Each structure stands twice: as C-alpha cells, then as structure tokens.
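Colleague: I have a structure I would like to understand better, so I am pasting it below and will then ask my questions one at a time.
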C-alpha cells in the first residue's frame with residue numbers, strides 16, 4: 001500500500017510546495033479543484049497566500065493528507081494535469097520500481113469534474129467495511145497505466161532513544177538461538193526480575209477490583225508484597241499492533257529506566273516476563289497524578305502555590321535530565337506526573353519506544369485515534385511533520401505549566417476552544433499592546449492580562465511578579481522553537497526560592513544562560529508560526545530600582561527581576577555592579593542615552609530587516 005501524503009519527508013514536501021506555488025493561478029486552482037469540493041474551504045486556503053511565509057500548496061496538501069490521501073493519488077493527479085516537474089520531485093524521493101508507460105491511464109474512479117475528496121471518502125468507507133483499498137487512478141489518453149510503487153517509509157524505530165551507543169542489537173528481533181527469558185534477563189538484570197508466581201500473588205491474579213486504569217499498551221493494577229504497595233503495569237497486545245510489539249515496548253521501557261536515575265523520574269522496581277503476560281513493577285504513588293490533584297478528584301484540596309511550583313520545577317528537571325541523556329520522553333502530560341506521599345513529582349509512562357511495524361489501514365486509523373488523544377500536549381509542527389524532537393517535550397512542559405497556573409484542563413470537549421494550547425496561543429497575540437513592536441514592557445503587559453483572566457484563584461494568593469514570570473516561562477515553551485529548557489528551569493527555580501522565603505543570590509544573566517546581552521541587540525528567535533509574537537524576552541531599557549547610575553537592563557536581566565522580584569546584587573558578581581563613570585574621554589561612557597524617538601526607529605529598522613514590519617509601518621506615524 002502506498003504511503004500517505006503526511007508521511008512525505010519534509011525536504012520533499014518543501015521542494016514540491018515551492019514548485020507548485022510558482023504555478024499560474026489558473027493551473028493551481030485547477031489542481032486544487034480536484035482535491036477540495038468545498039469552494040469556501042478552497043477560497044479560504046487560497047486567501048492564505050496574502051500572509052507572508054504561508055505556502056498555500058502546503059496548506060492544501062495538509063488538508064488532503066489529514067483525509068488519508070496517498071502519495072500515489074497525488075502522483076497520479078500531477079501526471080494527469082501534466083505537472084511532470086512536480087511529479088518528478090516525488091519520483092526522485094524513491095526509485096521507481098515499475099513504470100509501464102510515460103502517460104498515465106485514468107480509470108473511472110475519478111474523472112475530471114469529480115474531485116479526489118470523494119475518492120478519499122470512498123476509501124474510508126472501504127476501510128470500515130474491511131474491503132481492500134486501492135488508490136484511485138485517473139483516465140488518460142493511452143491504454144497503458146503508470147503505477148509508481150512507492151515503498152513505505154522505513155520503520156519508525158526507536159528514534160527517540162538517541163544515544164551514542166550502538167543500538168543495533170536492541171532494535172532487532174530477538175534471536176531464535178537465544179531463549180527470550182535469557183535475553184530479557186541480560187537486559188534488565190537479575191535483581192529486577194520477579195517470578196510469575198510473585199506477580200500473580202501480589203495482584204490476586206490481576207483481580208479486576210485492583211485495576212486502577214487502562215492505557216493504550218497496558219493495564220495498571222495495584223498490588224502488595226510483604227505489606228508494601230506496588231503498581232503493576234500489565235502489557236497487552238493491541239489488535240492494531242505488529243508482532244512482537246509487547247516485547248519491544250518492554251525492552252525499550254527497561255532500557256530507559258535503567259539509564260535514568262533521577263529523583264523526579266519514576267523508578268522501575270522490577271519486571272516479569274511470564275508465559276502469559278509481561279509486567280513492569282513501579283512504586284505506589286500515594287497522591288495520584290498531578291492531573292487528578294489539579295481537578296480535585298476524590299474531593300482533594302487544591303494544591304497551594306508553593307507545592308504547585310515545586311512540582312513544576314521537579315518536572316522540568318526530570319525532562320532536562322532525560323534530554324541530557326539524549327532521551328526524548330514524548331508523552332509529557334499532567335496525568336503522567338505522579339506524586340508520592342511528599343508530593344514529589346515523578347515523571348512516568350514514557351512513549352520513547354519502537355512503534356509497531358504493521359502499517360495496515362486499521363492500524364493507521366487506530367493510531368490516528370490514539371494520536372488525537374494526546375494532541376492537547378503536542379506542538380503544531382510535530383502534528384504536521386511527525387518528527388519527534390526535544391522541542392515536543394518542551395512544548396508539553398509549557399502546557400503542564402499552564403495547567404498548574406490556570407487550573408484549566410488541557411482538553412475539554414465542552415469548551416471552545418477544546419484545547420488549552422489554542423486558548424493560550426490565541427490570547428498571547430491578542431493583548432491590547434501590539435507584540436510586534438517590542439516596546440518596553442510588552443511581555444509584562446501580556447503576562448498581566450493572562451494572569452487577570454485565567455490565574456487559578458483556589459490555590460491562594462500569588463505575588464503578581466511571580467505569576468507574570470511563570471506565565472512568560474510557559475509562553476517561552478509554547479512559542480519559541482529553539483527554547484532552552486535551562487532558561488525555563490532558571491525562571492521557575494527563582495520563583496520557587498522566593499516563595500520559600502529563602503534569600504538567594506541569583507545570577508545576573510537572568511533566564512538565559514550563555515546569551516549575550518549587548519545593548520540594542522535583539523535576541524534571535526525562530527518562531528513556530530508567522531504570528532507577530534516571537535515568544536522571546538524582547539529588548540527593554542528600564543533602570544534598576546535603587547541603582548542611580550546603572551546601565552539599561554537587557555531582556556535577560558529584566559526577566560530575572562520579574563521572576564525573582566527585587567533581589568540585591570551579589571557583591572561577587574561584578575557584572576551586576578553599576579559601572580563606575582569613565583575617568584577620561586577615551587573610555588566608553590555608559591551614561592550616553594538615546595532619546596526615545598531614535599531608539600524606536602532603531603528597533604523598527606531591526607524589525608524591518610527581519611521582515612516583521614513593512615515600509616509603511618517603518619516610516620509611518
């Protein structure tokens with residue numbers, strides 16, 4: 001079966017969209033009319049070309065790909081419309097295995113005037129009834145047909161388990177010459193293995209009354225051994241998964257737990273490879289998940305602010321530790337942040353494991369359904385491209401931070417919008433002050449508006465400066481593609497220390513580590529989309545309270561002041577001390593001030609060079 005359009009590599013899709021965007025309006029509309037039946041939707045996509053940096057072909061293919069259109073369908077349409085240059089871009093991606101003719105032969109499945117969207121719906125109907133699905137072909141002038149058999153992309157192996165060590169032995173199937181029990185025992189270690197009898201006794205043979213929850217790949221039970229409570233994760237095969245998926249999941253889970261030893265990562269206490277089941281054993285978390293506590297499950301009291309921020313700090317440090325080992329969690333959400341008896345957070349249920357290899361239509365439909373359940377914590381670029389990077393974990397941490405700050409669940413089908421991320425991303429650029437101007441206090445005003453609208457009231461009183469700093473930290477995770485997790489950790493840690501009432505000497509580098517803070521030099525950012533907000537802490541010039549001769553603060557310094565309040569400078573930090581006036585005329589004077597009009601012009605010129613302002617806004621009033 002041909003692969004789907006959304007499985008095309010990014011470089012192939014970029015070349016294809018760049019080629020199709022240069023077509024004449026007539027040719028492009030002719031191509032699009034075969035794809036979309038709804039003229040309103042077609043005009044909506046066509047109107048996006050007025051937005052700078054938006055490829056209307058990419059939007060069109062995204063719309064079509066989400067309806068499970070195949071690459072073969074796209075290739076047949078391009079050949080039918082004689083757009084051979086665009087078709088050749090796809091053909092160059094994979095070698096052509098069989099070409100019977102240079103002219104495509106169209107069948108009666110799709111005729112001119114009958115758009116491809118209808119054929120996609122027919123395909124979905126056949127999938128539901130269990131009938132075999134064949135990509136539609138297009139009628140042509142010749143009797144022969146060209147069918148380019150594009151092989152499916154390689155198996156999505158455990159790409160998230162990026163390590164410098166050789167993983168070839170782990171990614172292969174277990175050897176037939178080595179017993180399975182012996183292979184897994186060498187992987188996990190004898191000290192971790194439980195006997196099948198012990199697991200059955202501890203869980204009362206997995207009694208349904210001991211079941212806590214049901215997951216995608218496992219059921220979770222509570223059990224006891226010698227009076228100590230444990231959690232047992234019983235792995236199970238999915239109808240849509242490929243052969244050996246349980247073994248691969250088990251193998252990857254043990255790998256991750258053995259490599260990670262961190263106070264905020266849920267430890268693996270044992271595992272069992274019985275004849276009838278696979279099981280993983282974890283410590284029992286007395287206070288459940290962060291999601292349950294935020295939503296008051298079981299009548300629990302709301303978490304106070306010191307506990308909330310301490311939990312966020314622990315989560316960020318756990319993810320930072322995983323990233324230092326080149327491990328991507330891929331499943332960061334509030335329900336996977338477990339709390340022990342002391343409310344210490346433990347990050348659990350990593351999804352960094354090999355995906356099933358059986359790419360049938362039922363598996364694809366099931367995977368899409370499961371994928372939509374986690375969309376609330378995933379960035380838009382991952383949803384479109386599907387490439388798992390550290391950016392996915394950082395974005396998910398931003399959503400968890402937002403849940404803690406607002407008390408609003410990440411997904412609510414009775415709310416508009418359904419996802420919390422859409423609510424925040426809509427509110428960020430809709431602040432009363434234009435966020436593209438980089439004026440003084442823009443981010444502070446934006447954070448203040450969000451706090452006034454959505455800050456959790458049941459957790460008690462949180463100082464305004466601390467709340468704004470946490471909001472800006474969450475926005476940093478959500479809006480900046482190259483966001484540094486160390487910056488977010490520094491901001492949250494500063495607020496945590498202030499709430500604890502401890503007097504600490506914070507570095508003057510602020511939220512950013514290793515970032516230059518030269519005057520009138522904007523921070524380089526890489527935004528997720530083309531909105532005006534760049535999610536970075538923009539350049540400001542505000543005097544430090546109490547320092548009469550200090551230079552204007554940069555974004556990093558002011559961000560730390562927002563996070564930690566007014567903190568006196570450490571005497572050992574020379575960079576924080578106000579510079580002495582120059583003794584002669586040859587020295588650079590920090591007292592030179594630029595008037596506001598010239599400063600604004602310089603900032604606007606920088607924005608103009610970044611193509612964030614046009615000439616009218618640059619020289620306008």
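Numbers run from 1 along the shown chain.
The backbone N, Cα and C atoms fix where each Cβ goes, glycine too.
Heads up, here are the entries from Swiss-Prot:
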type: DOMAIN; residues: 13-94; note: domain 'Death'
type: REGION; residues: 113-175; note: region 'Disordered'
type: COMPBIAS; residues: 157-169; note: compositional bias 'Polar residues'
type: DOMAIN; residues: 206-476; note: domain 'Protein kinase'
type: BINDING; residues: 212, 213, 214, 215, 216, 217, 218, 219, 220, 233, 333, 334, 335, 336; note: ATP binding site
type: REGION; residues: 503-534; note: region 'Disordered'
type: COMPBIAS; residues: 503-522; note: compositional bias 'Polar residues'
Colleague: Using a 10 Å cut-off on CB atoms, tell me which of the binding-site residues 212, 214 is the least crowded.
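Modeller: Per-residue Cβ counts within 10 Å for the binding-site residues 212, 214 bottom out at 214.
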Colleague: Among all protein chains shown, how many Cβ atoms are found within 10 Å of the Cβ of residue 335 (ATP binding site), not counting that one?
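Modeller: Neighbour count, Cβ to Cβ under the 10 Å cut-off: 18.
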Colleague: Relative to the Cβ position of residue 220 (ATP binding site), how many further Cβ atoms are located within 10 Å?
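Modeller: Counting Cβ neighbours of residue 220 (ATP binding site) within 10 Å gives 17.
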Colleague: Compute all pairwise C-alpha distances among 212, 213, 214, 215, 216, 217, 218, 219, 220, 233, 333, 334, 335, 336, the residues listed as binding ATP, and give the largest one in whole angstrom.
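Modeller: Answer in Å: the longest Cα-Cα distance is 19.
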Colleague: Restricting to the same chain and to sequence separations of six or more, state which residues have a Cβ under 8 Å from that of residue 333 (ATP binding site).
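Modeller: Long-range Cβ contacts: 291, 374, 376, 377, 396, 399, 400, 410.
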Colleague: For the domain 'Death' (13-94), jot down how many residues DSSP puts in helix, in strand and in coil.
Modeller: 58 helix, 1 strand, 23 coil
